[in-house]
Amino acid sequence: MVAIAQISSGQEKPAANPKLGLFVYILAAAAVIGGFLFGYDTSVVSAAMLYMPDSPGLKPMDTVWQEVIVSISPGMAAVGSLLSGVASDYLGRRKVILGASFIFTIGALICAASVNKIMLVIGRILLGIAIGFASMIVPVYLGETAPTHVRGMLVSAFALMISFGQVVANIMGGGFSYISPYTIGWRLMFAFAAVPSAIQFVCFIFLPETPRWLHEHGFEADTRRVLEKVYNGDEEWIEYEMAEIEAFNDDQKKNQGSVEAKTPVFLRVLKTPHVLKAVFIGSMLQAYQQLAGINTILYYTADIIRSAGIRDNHTTIWISVGLSICNFIGPFIPMSLIEKFGRRIIFLFSCAGVIIALCLVGVSFMLVNQDSARTLDLGGSGANSSFPDVQRCQAYSNCDYCVTTDACGFCQIQGSKQGYCLPVSFDDPEGSSSTGACSGPGPGPGSGPQVSWQKYYCTTKYTSLPIFACGLYLLLFSSGFTSLPWVLNSEFYPMWARSTCVSISTTSNWIFNLLVSLTYLSLTQAITKAGAFYLYAALTVTAFIFILFLVPETKGYSIDEVETLFMNKKQKAEEMRKRKETLTEVRSRQNTKI
Ligand SMILES: O[C@H]1[C@H](O)[C@@H](O)[C@H](O)[C@@H](O)[C@H]1O
């Protein structure tokens, strides 16, 4: 287990926490809009996708186009988050936020105005790059600017805003679906996001750069001016922070003479064991967050709801809103408790809860499966066995296995728990089978058993259980797992490596996001729906062990101290000795200036 020894950079902290003014909260509120845009964009596309394929100008839109339009944004977000590391070192954190909100606004407007598929793809690429930028830079910006005692809370607010963006996207998706959804509604869904991004752009014209970036780039007077605003004129704290920043920067500059410091940051990270360890842990936390299946549950809620027997589009959207509210309530827990109880305990609690909830999701899918109607021999189905896929579908032993496969649907004999698994009709997969009892209008009264065609779901006595299990999952996931990877990654790294390392770990988040979402459907076909969730549960068990043994507690450490938590005893002692020395130099320089 990781030892949680309190260390200090050698300075005595002022006894009381600083009293913060409105400025910090305005700054944080403007920054976390980035989280809102991230959440909104990732969710709104599902609602828009219900209508875009039939929109004039965009149709025909086959599944390949649909997949491109949905996945291009997370794909480009991975690229954007990687690029933003370098960009934010050279240009500054603030300019990258300005760039992200500008690109987002343009991307949202292009999507809303799209007259063809190419234009839509261009808009989605811009949105992806922008959310990639935002997901990397906002936690860094908050981490570097926020006073230590509220840092965890403010970065958690970023994660809260992701969930809020997702709820709002569902509500807007629901609301706009009543306004000519095929021509105007889906455009409004995209256009809406241009408003908060434009607000963020305007705010950041006036908001400052982070004090740490300013100091590192030689703007000492500006650093002090920003600290004065952040600490609301509290001289004791301003001096303390100024000395901390100066000491850590001096340390860095001393190293710059060495050959090591002249190598590119990425290579230096590889050669610095404690930073390499930190970025490995940070990237694994982001990967584990995705491997717990959050986005499959979010992306496929509509399917899960439909598979519970709800047919109406509007009802489906409103139940999705209900589920995303569960995902929104959770982040208030870490936000309010993180500075009291620390990061580890909240993370472990949420992780344990997620394991249980994933098992419940698995069990509920199993119950649905076991209670679903059995497949009968083809004999009585009237199916022509030379039709494509007839034999393949027939091999599924029950309705649940049958409807999980794209090519098949279940033709159930009404009033019984039996039926036939038949290939779907090419022209009307939702309405009929290609051959056999469900291929045309049902037989008249007395001419044979009445049948009903089920493409997506099977009626069982457990069908609503997965919805409740998913609600519980979202509540538990969002009460820690949603925020902690972001919070910890904003704290783990030293200034010289921060943007590079955060961009690496953020890219890991996006890559695993894509990987898990794109493999879900094939996974359910290979190992069943229950199997997929048991697999996510098993991966989350390894996440629990990983957090328990490898993640240090960062509560109470200044952002410049956190890196020492990844050092071994010897390295830590050496580092602390050097820092004390530098600090004494800085202090005596400050005194001579006075
Ligand atoms: O922290 C966020 C949050 O949990 C979102 O709901 C999810 O869509 C993101 O992928 C994740 O990074």
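Note that Cβ sites are derived from N, Cα and C of the backbone, with glycine treated the same way.
Long-range Cβ contacts of the coiled coil (559-586) within its own chain (Cβ-Cβ under 8 Å, at least 6 residues beyond either end) map to 2, 7-11, 143-144, 148, 151, 212, 243-248, 250-251, 254, 273-275, 277-278, 281, 491-495, 552. Positions annotated as coiled coil by TrEMBL: 559-586.
Residues annotated as domain 'Major facilitator superfamily (MFS) profile' in TrEMBL: 27-555.
What TrEMBL lists as transmembrane segment is 20-40 (among others).
Annotation source TrEMBL lists transmembrane segment at 64-84 (among others).
The transmembrane segment annotation in TrEMBL covers 96-115 (among others). Sequence-distant contacts of the transmembrane segment (96-115) (same chain, at least 6 residues past either end, Cβ-Cβ under 8 Å): 31, 33-34, 37, 41, 57-58, 84, 87-88, 122-131, 133-134, 137-138, 141, 187-188, 190-194, 197-198, 200-201, 204-205.
Here TrEMBL flags 121-142 (among others) as transmembrane segment.
Under the heading transmembrane segment, TrEMBL lists 154-178 (among others).
Annotation source TrEMBL lists transmembrane segment at 184-207 (among others). Within the chain carrying the transmembrane segment (184-207), a Cβ under 8 angstroms from the stretch's Cβ atoms is held by residues 26-27, 30, 33-34, 36-37, 40-41, 44, 47-48, 51-52, 55, 94, 97-98, 101-102, 104-105, 108-109, 111-114, 123, 130, 169, 172-173, 176-178, all 6 or more beyond its ends.
Panel annotation: around the transmembrane segment (315-333), residues 43, 47, 156, 159-160, 163-164, 166-167, 170-171, 173-174, 177, 298, 301-302, 305-306, 346, 350, 467, 470-472, 474-480, 482-483 of the same chain, lying at least six beyond its termini, place a Cβ under 8 Å from a Cβ of the stretch. Among the features that TrEMBL reports, transmembrane segment is placed at 315-333 (among others).
According to TrEMBL, the feature transmembrane segment maps to 345-368 (among others). Distant neighbours of the transmembrane segment (345-368): 292-293, 297, 307, 330, 333-334, 337-338, 400, 458, 460, 462-463, 465-466, 468-470, 472-473, 476-477, 479-481, 484, 528-531, 533-534, 536-537, 540-541, 543-544, 547-548, 551; these residues of the same chain sit at least 6 beyond its ends, with a Cβ under 8 Å from one of its Cβ atoms.
Positions annotated as transmembrane segment by TrEMBL: 465-484 (among others).
Beyond the ends of the transmembrane segment (496-521), by six or more residues, the same chain brings 71, 74-75, 77-78, 81-86, 88-89, 93, 132, 135-136, 139-140, 143-144, 252, 265-266, 268-269, 272, 275, 278-279, 282-287, 289-291, 293, 295-296, 299-300, 485, 489-490, 532 to within a C-beta distance below 8 angstroms of the stretch. Annotation source TrEMBL lists transmembrane segment at 496-521 (among others).
Taken from TrEMBL, the feature transmembrane segment applies to 533-551 (among others). Long-range contacts of the transmembrane segment (533-551) within the same chain, counting only residues at least 6 positions beyond its ends with a Cβ under 8 Å from a Cβ of the stretch, are 1-2, 281, 284-285, 288, 291-293, 296, 343-344, 347-348, 351-352, 354-355, 358-359, 361-362, 365, 488, 523, 527.
Pairs of Cβ atoms less than 8 Å apart link the transmembrane segment (20-40) most often to 154-178, out of 64-84, 121-142, 154-178, 465-484. When Cβ-Cβ distances under 8 Å to the transmembrane segment (64-84) are tallied for each of 121-142, 154-178, 465-484, the top count falls to 121-142.
Residues 155-156, 158-160, 162-163, 285, 289, 292, 294, 297-298, 301, 304-305, 307-308, 319, 322-324, 326-331, 333-335, 338, 343, 346-351, 353-354, 356-358, 360-361, 363-365, 367-368 of the same chain, all 6+ positions outside the transmembrane segment (465-484), place their C-beta atoms under 8 angstroms from a C-beta of that stretch.
If one looks beyond the transmembrane segment (121-142) by at least 6 residues along the same chain, the residues whose Cβ comes under 8 Å of a Cβ in the stretch are 28, 31-32, 34-35, 37-38, 41-42, 45, 68-69, 72-85, 87-88, 93-94, 96-97, 99-101, 103-104, 106-112, 114, 151, 154-155, 157-158, 190, 197, 210, 486-487, 489-490, 498-499, 502-503, 506, 509-510.
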